[in-house]
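Colleague: The following block contains the structure, expressed as structure tokens.
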Amino acid sequence: MLVLGIETSCDETGVALYHTQQGLLSHALYSQIEMHGEYGGVVPELASRDHIRRLLPLIRQIFAEAGVSLRDLDAIAYTQGPGLAGALLVGASVAAALGFALKVPVLGIHHLEGHLLSPLLSDPAPAFPFVALLVSGGHTQLMEVTGLGQYRLLGETVDDAAGEAFDKTAKLLGLGYPGGPALSRLADEFTRSGQSARFELPRPMLHSGDFNFSFSGLKTAVLTLVNKHEMTPQIRGAIAQAFQEAAVEVLTEKSLAALAKTGLTQLVVAGGVGANRQLRSNLDRRAGTIGATVYYPKLEFCTDNGAMIAFAGAMRLESGESESSRLGKFTINARWDLEMQEIGREA
């Protein structure tokens, strides 16, 4: 089965072709970072218009690279939500039009399910069941995953997502857009320089006794330091390091607590913050002490991409999704809880 995946939930236009026997045949991604950098954040209307410009050329590109034609296509999967409504509509419209013209199934995929399943594209891949840490600019959640579509929410952020906190802290430090990766680079450079840590920031909700997160207080603590100190390169680096260490410690310890609570030994980390080197290092080190294994997507699949949508669509269709009432529906869900998707995809 050959599946075309389309991802347009925010500021990346991603497409991919996944074959259930041959694996990932081709994929392409266009990032709008440079365009939105001028405004310091994503402008929804500009994002939608750029998806319109980029999507069809990218689709033609991956078909040419894979050496297949539209007639070879068996199904289309697109990001149904959550995300920016206008951006989602672009991908949904193209998917629906192609599906109608080619007479192939069209399936809407939950964006977070795509991220959650993306480590299964790697080798070695995790097997169900596992705990998933979904950590990105819009979401921070711990899920117990017992099978495809079987997701139980263990905990989530009560305010800012981790990636959002990275971006906002970077802005306070005067770093460029996107701020999260810039902050991580600065923190890593400060650590490698051998300078001693100057600041200790709070670890919000570290000992709350549940699996929820909070990052707004951490951001406020950074603001206090910024207002108190002259922003020399050394001070800026020290604050970045202190912030990253605090955020990473909370993410690490909550994830290990979730493994202990569920009795599972596999942790899947997905989403843009999953590319953070210190987070990966800490998780690997701490998981090793309890006999657990951590799985990550390839770095190129940590951010939004079409490969994860094509793969999730293929898994859904192979599991019998073709009998689903939501197949062929032209819908988007800008706000959509992953845990609720089996109860109501159109909620």
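Glycine is no exception: its Cβ is also placed from the backbone N, Cα and C atoms.
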Colleague: Going by Swiss-Prot, Leu134, Val135, Ser136, Gly137, Gly138, Asp167, Gly180 bind substrate; tell me which of Asn212, Asn227, Asn276 is listed for that site too.
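Modeller: When Swiss-Prot describes the substrate site, the candidate it includes is Asn276.
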Colleague: Return the residue out of Asp284, Asp304 that Swiss-Prot annotates for the same Fe cation site as His111, His115.
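Modeller: The one candidate that Swiss-Prot places in that Fe cation site: Asp304.
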Colleague: By the count of other Cβ atoms within 10 Å, pick out the sparsest of the binding-site residues His111, His115.
Modeller: His111
Colleague: Counting across all protein chains present, how many other Cβ atoms fall within 10 Å of the Cβ of Asp167 (substrate binding site)?
Modeller: 24
Colleague: Let me check the 10 A CB neighbour count of Asn276 (substrate binding site). How many other CB atoms are there?
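Modeller: Counting Cβ neighbours of Asn276 (substrate binding site) within 10 Å gives 27.
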Colleague: In Å, rounded, how far does the Cα of Ser136 (substrate binding site) sit from the Cα of His115 (Fe cation binding site)?
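Modeller: It is 10 Å, counting Cα to Cα.
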Colleague: Which one is closest to Asp167 (substrate binding site) in space, judged by CA to CA distance, out of the binding-site residues His111, His115, Asp304?
Modeller: Asp304
Colleague: Since the record lists Gly137, Gly138 as binding-site residues, which of them has the fewest other Cβ atoms within 10 Å of its Cβ?
Modeller: Gly138
Colleague: Run through the Cβ atoms and count how many others sit within 10 Å of the one on Ser136 (substrate binding site).
Modeller: 24
